[in-house]
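J.: Pulled the feature table from Swiss-Prot, pasting it below:
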type	residues	note
BINDING	25, 26, 27, 28, 29, 30, 37, 38, 39, 40, 41, 121, 122, 149	AMP binding site
BINDING	78, 107	Mg(2+) 1 binding site
BINDING	107, 127, 129	Mg(2+) 2 binding site
BINDING	127, 130, 300	Mg(2+) 3 binding site
BINDING	130-133, 230-233, 263-268, 284, 294-296	substrate binding site
């Protein structure tokens, strides 16, 4: 009897009613869009296939000689890694095969990709493998994605078609995103997603081949004494920014009697993931080398800002402007960024006189 009881206790400690990403997507569709066509849900499922494919490829990269440079540069002049090229191909093929994507923007492609024969109603912007320069050292990297719905015919006439796919479908205000997510490939593969109704985190179970809900309804702490910034660029910063970071390191009353702790990995996905879980401030300001900042709006700043805001935080640029209010003119336009716990971002806004 003792053996039976032990087995029963062991079984009861295992949750067998798990929520997979596919189940979560369908549940959300039934709750919030009962008349939905299912196209958006199918697109999200195509995205998770791409994430699983990239995750598996990264895990095997060193064994199949995918570590190192590919000998070319991407759209913004960064040296491409072999995995950058492969990750880009995986993403393009997955989005094309989905049949739900009309327009694709990739960091690795100089121009907009339009799937002319696709009936898709969505535009996807992505950085297939963000932080790839860290891969050789085994540091966590990730995929960042933002989703827009393409422009519908403006006159509402049944005889007129929706957009055939132009830059206008993505060169728009960040508030018009319908979803954003990132996947972090590290010790585990984590997917963090928002469709505009909060933030939820999933972990890939390699045995099941499914993303499992492990961080439901993520919320950022109001404030946390942690800052994340590349202080190797201090000599290039504007005095206002250098002064602000210096003040964070003081054990002043304003900092509750102790200095902020520095936590910087150098991979945006990993740094933002930590910030979402623990709180604090992540920043990549403009400097003398990159006055407008270095992060691309469409597939870095926009999706991360959307996620952080949906988790109760804030995201602004060096001038204190809300990231999601900005409108890019080109698909690879850049921005500075300060994001994280609302109290910590407010501290920066007060410092520059915007609060």
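Quick reminder: no glycine exception, Cβ is built from N, Cα and C everywhere.
Give me the lay of the land around each of these features.
T.: Cβ neighbour count for residue 39 (AMP binding site) (all protein chains, 10 Å cutoff from its Cβ): 17.
Within 10 Å of the C-beta atom of residue 107 (Mg(2+) 1 binding site) sit 27 other C-beta atoms, taking all shown protein chains into account.
Neighbour list (residue 300 (Mg(2+) 3 binding site), Cβ cut-off 8 Å, at least 6 residues apart, same chain): 127, 130, 144, 268. In the three-state DSSP scheme, residue 300 (Mg(2+) 3 binding site) is classed as helix.
Sequence-distant neighbours of residue 232 (substrate binding site) (same chain, 6+ residues apart, CB-CB distance under 8 A): none.
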J.: Expressed to the nearest Å, what is the distance separating residue 27 (AMP binding site) and residue 107 (Mg(2+) 1 binding site) at their Cα atoms?
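T.: Counting only the Cα atoms, the answer is 32 Å.
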J.: Closest to residue 129 (Mg(2+) 2 binding site): which of the binding-site residues 37, 41, 264, going by Cα position?
T.: 264
J.: Among the binding-site residues 25, 129, point out the residue whose Cβ has the most other Cβ atoms within 10 Å, with all shown protein chains included in the count.
T.: 129
J.: At the level of the C-alpha atoms, what whole-angstrom distance separates residue 122 (AMP binding site) and residue 294 (substrate binding site)?
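T.: Given the Cα positions, residue 122 (AMP binding site) is 26 Å from residue 294 (substrate binding site).
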J.: What does DSSP call residue 127 (Mg(2+) 2 binding site) in the simple three-state scheme?
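T.: SS state of residue 127 (Mg(2+) 2 binding site) = strand.
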J.: 27, 130: which of these binding-site residues has the highest Cβ count within 10 Å of its own Cβ?
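T.: Going through 27, 130 one by one, the largest Cβ count within 10 Å is at 130.
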J.: Tell me the Cβ contacts of residue 37 (AMP binding site) under 8 Å, same chain only and six or more apart in sequence, or just say none.
T.: none
